[in-house]
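Asker: According to Swiss-Prot, the protein has these features:
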| type | residues | note |
| --- | --- | --- |
| BINDING | 23-28, 42, 44-45, 71, 126-127, 129, 157-158 | GTP binding site |
| BINDING | 27, 45, 68 | Mg(2+) binding site |
| LIPID | 216 | S-geranylgeranyl cysteine |
| LIPID | 218 | S-geranylgeranyl cysteine |
| MOD_RES | 72 | 5-glutamyl serotonin |
| MOD_RES | 190 | phosphoserine |
| MOD_RES | 204 | phosphoserine |
| MOD_RES | 218 | cysteine methyl ester |
| MOTIF | 44-49 | motif 'Switch 1' |
| MOTIF | 70-79 | motif 'Switch 2' |
């Protein structure tokens, strides 16, 4: 029992999204990150799927609540409602499909309009293991990321390459913004929550108490 309680202890909770066209491997990325194995029987997500994991980011324990959204157009109205209050997102395309790459601008627009004002985004070129079938070069995607102020990695849900790093980089940047004061977990819709009431109290400015009549020497 004590071990379970310890495993659920965390300093912050971040709401994450995984977005992009259908067939890009979003569900497989989520499964690889949480279970450390490839989900080879994955079907297209219908609506939204959910997963969570606690990670250690620079000595802070962060619980990621991750919403894997359907990529088909007919589910867009449903999945858009889950954007609200997201602190971070993986924007996923398939390196073997230019169609999924060309759709990135629409996904990016949705994320920045509907999610948290300061949402942190990382671009993930998935299916890196299929390099021989590549339709989108690393350089082209890297330029897109730079132009749109995104972090960028190529990933493989099959081999696990860069999967954990993608989530870690995104979480690390959010944590850095909290520590610098750029992000305020107290702000409604930030997609961030304190995981411990004591930590929240420590990070809140201490109120100056007025001296009592006995202390003031009146």
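Just so you know, glycine gets a Cβ as well, placed from its N, Cα and C.
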Asker: Reported as an integer number of Å, what is the Cα distance between residue 68 (Mg(2+) binding site) and residue 129 (GTP binding site)?
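Answerer: So the Cα of residue 129 (GTP binding site) lies 22 Å away from that of residue 68 (Mg(2+) binding site).
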Asker: Using C-alpha atoms only, work out the spacing between residue 126 (GTP binding site) and residue 190 (phosphoserine) and round it to an integer in Å.
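Answerer: Roughly 27 Å, rounded to the nearest whole number.
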Asker: Determine the Cβ neighbour count for residue 126 (GTP binding site): the number of other Cβ atoms within 10 Å of its Cβ.
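Answerer: Summing over all protein chains shown, residue 126 (GTP binding site) has 30 other Cβ atoms within 10 Å.
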Asker: In three-state terms from DSSP, label residue 27 (GTP binding site) for me.
Answerer: helix
Asker: For residue 158 (GTP binding site), what residues in its own chain, 6 or more apart in sequence, show a Cβ-Cβ distance under 8 Å?
Answerer: 28, 38, 127, 129
Asker: 23, 25: which of these binding-site residues has the sparsest Cβ neighbourhood within 10 Å?
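Answerer: Fewest other Cβ atoms within 10 Å, among the binding-site residues 23, 25, is found for 23.
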Asker: Quick one: mean pLDDT on the motif 'Switch 2' (70-79)?
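Answerer: For the motif 'Switch 2' (70-79), the model's average pLDDT rounds to 50.
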Asker: Tell me, by DSSP, whether residue 68 (Mg(2+) binding site) is helix, strand or coil?
Answerer: strand
Asker: Per DSSP, residue 190 (phosphoserine) is which: helix, strand or coil?
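Answerer: Residue 190 (phosphoserine) sits in coil per DSSP, no helix or strand.
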Asker: Determine, to the nearest whole angstrom, how far the Cα atom of residue 190 (phosphoserine) is from the Cα atom of residue 27 (GTP binding site).
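Answerer: The separation of the Cα atoms works out to 24 Å.
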Asker: Can you tell which of 68, 129 has the least company, meaning the fewest other C-beta atoms within 10 angstroms of its C-beta, among these binding-site residues?
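Answerer: Least crowded of the binding-site residues 68, 129, by Cβ count within 10 Å, is 129.
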